[in-house]
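Report on one structure; see the data block that follows.
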Amino acid sequence: MENLKKMAGIKAAEFVSDGMVVGLGTGSTAYYFVEEIGRRIKEEGLQITAVTTSSVTSKQAEGLNIPLKSIDQVDFVDVTVDGADEVDSQFNGIKGGGGALLMEKIVATPSKEYIWVVDESKLVDKLGAFKLPVEVVQYGAEQIFRRFERAGYKPSFREKDGQRFVTDMQNFIIDLALDVIEDPIVFGQELDHVVGVVEHGLFNQMVDKVIVAGRDGVQILTSRKEK
């Protein structure tokens with residue numbers, strides 16, 4: 001599995017060229033993309049500027065001497081490469097297993113090209129088997145939790161080291177065990193209107209390409225948005 005992730009990450013780095021502003025994703029597959037960008041800077045003299053989607057990725061990039069700017073210091077991002085936890089046939093996805101969904105979506109939005117790198121196990125007919133993360137402000141988080149409970153969404157607060165997990169933006173994450181999301185667009189809109197929800201892990205019709213590594217090699221899926 002790790003080898004598949006590495007294959008996808010290295011393939012994605014081929015979409016990066018000199019002079020670009022590059023969004024560096026977060027997670028186990030995006031990790032290999034960041035490593036490959038670091039290698040190309042060191043060995044090939046690749047010249048780029050990068051923005052990151054989490055403190056974890058910032059630390060990795062700094063260790064590789066990748067030049068960084070904050071998202072507010074750039075007008076746009078040429079290409080962002082990130083992982084995904086699930087991708088359906090309509091190019092909707094669930095992200096945020098690593099807890100960086102808000103920053104990931106902020107960087108994805110001004111990106112001219114948005115690419116996901118996944119292994120083939122992440123491709124699904126319908127989203128929902130992977131728990132859907134919802135980032136909420138700390139104030140009133142229990143109210144939101146109970147609302148989700150009443151709706152039958154089987155919520156749970158994400159924890160780390162026995163404490164509630166706190167995101168880089170100092171928010172909590174409530175994971176929803178939905179099993180199946182029949183209409184990700186409609187459900188995303190519902191979550192958008194819940195007061196106290198900062199962001200959710202549904203990335204609907206945002207991605208341009210999905211690089212999939214499988215036993216038969218690497219394939220690139222292109223969304224209708226890109227065609």
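For all residues, glycine too, the Cβ spot is worked out from N, Cα and C.
Note that this is a predicted model, so its numbers are computed, not measured.
Copied over from Swiss-Prot, here are the features:
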- T26, G27, S28, T29, D82, G83, A84, D85, K95, G96, G97, G98, K122: substrate binding site (BINDING)
- E104: active site, proton acceptor (ACT_SITE)
Cβ within 8 Å of the mean position of the Cβ atoms of T26, G27, S28, T29, D82, G83, A84, D85, K95, G96, G97, G98, K122: remaining residues of the chain near substrate: G25, A30
Between G97 (substrate binding site) and the residue listed as 'active site, proton acceptor', the C-alpha gap once rounded to whole angstrom: 11
Cβ neighbours of K122 (substrate binding site) where a neighbour is any other Cβ within 10 Å: 21
Per-residue Cβ crowding (10 Å cut-off), top of binding-site residues S28, K95, G97: K95
The residue listed as 'active site, proton acceptor' versus D82 (substrate binding site) - Cα distance in angstrom: 8
